[in-house]
Amino acid sequence: MAKEKFERKKPHVNVGTIGHVDHGKTTLTAAITTIMAKKYGGTAKAYDQIDAAPEERERGITISTAHVEYESASRHYAHVDCPGHADYVKNMITGAAQMDGAILVVSAADGPMPQTREHILLSRQVGVPYIVVFMNKADMVDDPELLELVEMEVRDLLSSYDFPGDDIPIVVGSALKALEGEDSDIGVKAIEKLVETMDSYIPEPVRNIDKPFLLPIEDVFSISGRGTVVTGRVESGIVKVGEEVEIVGIRDTQKTTCTGVEMFRKLLDEGRAGDNVGVLLRGTKRDEVERGQVLAKPGTIKPHTKFEAEVYVLSKEEGGRHTPFFNGYRPQFYFRTTDVTGTCDLPSGVEMVMPGDNVQLVVSLHAPIAMDEGLRFAIREGGRTVGAGVVAKIIE
């Protein structure tokens, strides 16, 4: 079957469903694709097509994720839905599915449950910027006071994790009724309202090209008579010939000037996000730069050594450790292009971390790395990946 082409005239936004098991995430996903396909084109996806999500491997971690897409009046959405709780944990920590916003699904019949809380916490830790709520299974609740009670609980829970609980939009409906085509306030209309809410509440993400210039350094060469060239793929922004740049990480930050940009042996005026380039640096010696540092627009990124991280530890089946680790564990942390040794402090009351667990750690690196909150990393032992993590909060 030929895939239907989306007209890419609309801005693109990445979202996903989160929430407790059996609260209706997958049914809601099916309902959105079905109703939006009727209105704006695209392919409707049935529940079992989404539920049988294929396994993917991201940094050696096995994750089952369903990817669907649909259009609204003003946008093109890519939407992820995971079959199991562990898949969400892995997905959010590895950043396999970056979310510009999340749809938190809460059953009106049950209210918030343990995974509701855990997914909100994960969203906070990994930097999901916006959450909208779909209160599902409204057809099973007759008492409007009960709906209000659940709404208050959800708002309190969101506020307790530093989301704006009082302002977050909550749409009440029944994904099942909508999927069955019932055109009531809790049926099809609720789904349309939810998508309109996503359009208005979740802002369009800043494109990579519009962010400040950043290039993780992969290699360093000296070219006689020209100076030092660093190579790598521009992660974000634009660098123009003649601009000042900073070399950040591992050593003290240095300022220098970009005197040339080269791609495929051709000289360019600038390097843009996504380009694999060589950047010529004025007056910088070959031994003053190394792999693992970044080239960045001055003042936009700082080196840090200590941070709080949300970490997923690979299970034995995924090729991870066979044994737990304890406080003071010292693996390598792989950031962008290089490994740095660091020490882990476990939260109080946590004796050890088992393979397959997710945990919050405080990491102290032995050398500073250019980082912002939200930066992903791998945890390695002798070149073998044993975990994945994300910088949740910078300490120093």
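Any Cβ shown, glycine's included, is placed from N, Cα and C.
Among the ranges 48-51, 136-139, 204-207, 216-219, the one that Swiss-Prot lists as region 'G4' is 136-139. Swiss-Prot lists region 'G1' for one of the ranges 3-10, 19-26, 179-186, namely 19-26. Segment annotation: Swiss-Prot labels region 'G3' over residues 81-84 (candidates 81-84, 241-244, 357-360). For the ranges 60-64, 195-199, 230-234, the feature annotated in Swiss-Prot as region 'G2' maps to 60-64. Taking Cβ pairs closer than 8 Å, the region 'G1' (19-26) reaches residues 47, 50-51, 66, 81, 83-85, 104-107, 110, 112-116, 119, 136-137, 175-176 in its own chain, all 6 or more past its ends.
It is Lys25 that, of the binding-site residues Lys25, His85, has its Cβ surrounded by the most other Cβ atoms within 10 Å. The Cα atom of Thr26 (Mg(2+) binding site) lies nearest to that of Cys82, taking the binding-site residues Cys82, His85, Ala138 as the candidates. Outside the region 'G4' (136-139), and at least 6 residues removed from its termini, the chain residues within Cβ reach (under 8 Å) are 23-24, 27-28, 105-109, 147, 172-177, 186, 190. Within 10 Å of the Cβ of Ala138 (GTP binding site) there are 23 other Cβ atoms, across all protein chains. Within the model, the region 'G3' (81-84) shows a mean pLDDT value of 91, rounded to a whole number. Of all Cβ atoms in the protein chains displayed, 13 besides its own lie within 10 Å of the Cβ of Asp22 (GTP binding site).
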